[in-house]
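A.B. asks: Can you read through this structure? Questions will come right after.
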Amino acid sequence: MGDWSALGKLLDKVQAYSTAGGKVWLSVLFIFRILLLGTAVESAWGDEQSAFRCNTQQPGCENVCYDKSFPISHVRFWVLQIIFVSVPTLLYLAHVFYVMRKEEKLNKKEEELKVAQTDGVNVEMHLKQIEIKKFKYGIEEHGKVKMRGGLLRTYIISILFKSIFEVAFLLIQWYIYGFSLSAVYTCKRDPCPHQVDCFLSRPTEKTIFIIFMLVVSLVSLALNIIELFYVFFKGVKDRVKGKSDPYHTTSGALSPTKDCGSQKYAYFNGCSSPTAPLSPMSPPGYKLVTGDRNNSSCRNYNKQASEQNWANYSAEQNRMGQAGSTISNSHAQPFDFPDDNQNSKKLAAGHELQPLAIVDQRPSSRASSRASSRPRPDDLEI
């Protein structure tokens, strides 16, 4: 048997990039397959053809009968099985090395951009693209490769192919040999002159090893299935929690109830901005709501609020008896909210409006009227 150290070193590197189930599968592969195959099994099948005897003196009869009974040796069959079930894992390891190589290139490019940034060059967009690529390849900040995206798909595909190869080799072994060996094999094949009986050496020992390798194959298949379900449900769980792609941006417009950072919004929808300036024409205590004119519901509400504000303003102007008011009647006309630049231009061209004091509209009592000697604007002159 050849040296397994090269394959063992390659598979050992996969340990750092596998799940718990993958690590157990690799342990089973190393201990119960490669190690056992290189020591006990090979010695048990070392004399399989030389100890295969038939009750005939015809030259070549034993060779053709052995070829009919064992088209391929059990040892070589298990070697092929180990190689085939290890190839998907090696392909996954190649993908990991590819991602690590991409990481080195991205880190080198990022360092060059940071050097250019210190010289005053605007490279924020390029740095952001590098971060997105790192997340796409599954590279974390500390340089560790995380299983997600294309790397996760490669891992799932490798598990599927390992399971397929395990099932295929079990079926082939059952079709060619069965899962037990007989002590006597009957052969009738040219150049044998007649039907001959051939005898196998150590059939019981070989049957025990066959059953043991069968159990190991079933255990490996079960580990692959468990790991497949584990990786699948873990991916679904991460996607539900929103951890799959933090750089993903929604294309739809934000709702006014969530976008509270804008300067124009409706505070009645659950947003409030303590930094938003009040309108210069509104008296203290009033809240003149503003909103996005493209939103029909906010626009209707703002028109009603503006009508009420203008009605309050005109009523106070009439009560104070100020002539030359900018409001000619007590019914304010609804208007749409212009931009801030238009408001400033209109205020500069017209009269500057003074803030109004809040007047108590409740009728005063007689006692308070007699007690107060101050003249009121609505008193009649005699």
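All residue numbers here begin at 1 and follow the chain in the order shown.
Even glycines carry a Cβ here, placed using N, Cα and C.
According to Swiss-Prot:
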type     : residues  : note
TOPO_DOM : 2-23      : topological domain 'Cytoplasmic'
TRANSMEM : 24-44     : transmembrane segment
DISULFID : C54-C192  : disulfide bond
TRANSMEM : 77-97     : transmembrane segment
TOPO_DOM : 98-155    : topological domain 'Cytoplasmic'
TRANSMEM : 156-176   : transmembrane segment
DISULFID : C187-C198 : disulfide bond
TRANSMEM : 208-228   : transmembrane segment
TOPO_DOM : 229-382   : topological domain 'Cytoplasmic'
REGION   : 244-382   : region 'Interaction with NOV'
MOD_RES  : Y247      : phosphotyrosine
REGION   : 264-382   : region 'Interaction with UBQLN4'
MOD_RES  : C271      : S-nitrosocysteine
MOD_RES  : T275      : phosphothreonine
MOD_RES  : S306      : phosphoserine
COMPBIAS : 317-332   : compositional bias 'Polar residues'
MOD_RES  : S325      : phosphoserine
MOD_RES  : T326      : phosphothreonine
MOD_RES  : S328      : phosphoserine
MOD_RES  : S330      : phosphoserine
MOD_RES  : S344      : phosphoserine
COMPBIAS : 362-374   : compositional bias 'Low complexity'
MOD_RES  : S365      : phosphoserine
MOD_RES  : S369      : phosphoserine
MOD_RES  : S373      : phosphoserine
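Each of these features: where is it, how hidden is it, and who are its neighbours?
C.D. replies: Non-local neighbourhood of C192 (disulfide bond): C54, T56, Q58, C61, V64, C65, each in the same chain, at least six residues away, with C-beta under 8 Å from its C-beta.
Around C198 (disulfide bond), the C-beta neighbours below 8 angstroms that are at least 6 residues distant in the chain are F52, R53, C54, N55, E62, C65, Y66, S69, V184, Y185, T186, C187. DSSP classifies C198 (disulfide bond) as strand under the three-state reduction.
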A.B. asks: Indicate whether C54 (disulfide bond) is helix, strand or coil by DSSP.
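C.D. replies: SS state of C54 (disulfide bond) = strand.
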A.B. asks: Hey, which bits of the same chain come close to the transmembrane segment (208-228), Cβ under 8 Å, at least six residues off its ends?
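C.D. replies: Hits for the transmembrane segment (208-228): 19, 21-22, 24-25, 28-29, 32-33, 36, 40-41, 44, 74, 78, 81, 85, 156, 159-160, 162-163, 166-167, 169-170, 173, 177, 179-181.
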A.B. asks: Return the count of C-beta atoms lying within 10 angstroms of the C-beta of C54 (disulfide bond), excluding that atom itself.
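C.D. replies: So the number of other Cβ atoms within 10 Å of C54 (disulfide bond) is 20.
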